[in-house]
Amino acid sequence: MSQQYPQTNDVPYLFSNTSTAYHTVDICKVNTSLKDSVPRFWLIYIHGGGWSDPNIQANTFSQIRDELLKEKDILAHISGIAAVNYRLSGDPSEGRNARYPDHLDDVKRAIGFLDSRYGFEDRYIVVGHSAGATLAFQLAMEPETSSLPTPKKPLAILGASGIYDLRRLLNSIWHVVKYREEYVHMLEGAFGPGGFAYGEQSEGRCSSEWDLASPAKATSYGSSWCNAQLAMLVHSPDDELVPLEQSTQFATVLESSLPPGVVQTRFDLAGSHDDIWRKPEGIT
C-alpha cells in the first residue's frame, strides 16, 4: 500500500556548513492538491530514543505510516506524512553532542523546510513518542521569540508515552538502580548537568533549564498555543521506562489552560514503552 504514494527518505532540511547527517526528513506525499474543499493536513512524526539513541530515528515510524496508508477515511484528510531526524546527545566522540535547545531547533528547521515546500502553514499535526513527545509539546509551549524563524504552531499534537517533567522522571526511577545511571546520563547529556539526588530539589542554573524545558512546567498554553484544536496524550500502564504519571499530571496542566474539549487522553494502551511504535495498531 505504501508504495502507491511517492516517498523520499533522508531529504536534507539544513543547507549550511553546520549541517549533519541528522538534518534529514523522510517524506511521503499523499495528496498535496489544494484544488478542492476537503481540509487536509500534514502529519509530522518526531521519534524518541531519549535524545541519544542512534538506533531510533525517523525510519522507526515506517510501520505506523504504512498502517495509516491503509485507512482511506484518514487518507482523505492527509496531504502528506513526514518523519523528522534531529541531532542527538550522549556521545560527543560519535558526533552526538547536541544540547537543549539544539534538538528543538532542528525540529523547527525541519517543519519550516516542509512548510516552505508544501505551504501547509498551521495545517499540520505533530505526533511524538517518548522524547519526541517532549519535543512536540515544546513547540506549543515555546514563546514566539527565538533566534530561529519559528513555524506556526500545529493545530494538533499527539504525545505517546511522553516525558513532560524531567526532574520528576529522574526522581520517579531513582530507586530502580539499573535505570538510575542511564537516566542521569541521558538527561544530563541532553539538558546539562545538575546535582540530582532522589527526593531533593535540584539547585543551580541547570535545574532551572530542566524546568524551562519541561512541558509540564509551562502554564501558559492558552496564550502560547492559541490555535490548538487537539492535545492528545496516550500512554500504557505497562510502560516500564516512563511512568504513567508523566502523562496524567501533564493532562491536568493542559486542561487548566486550554479550552474545554481540546485535551483528550487514552491511558489504556497495551504493551511496553516501545510497543507504541513496534506494534502500531493502538497508536494508529
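Indices start at 1 and increase along the chain as displayed.
In case you wondered, yes, glycine gets a Cβ from its N, Cα and C as well.
Owing to the predicted nature of the structure, the values given are computational and were not obtained by experimental measurement.
Look at Swiss-Prot and you will find 47-51 tagged as motif 'HGGXW', backed by similarity to another entry. Note on the motif 'HGGXW' (47-51): mean pLDDT across this stretch is 97.
Sequence annotations record features per position, and here Swiss-Prot assigns active site, nucleophile to Ser130 based on similarity to another entry. Mapped onto three states, the DSSP output places Ser130 (active site, nucleophile) in coil.
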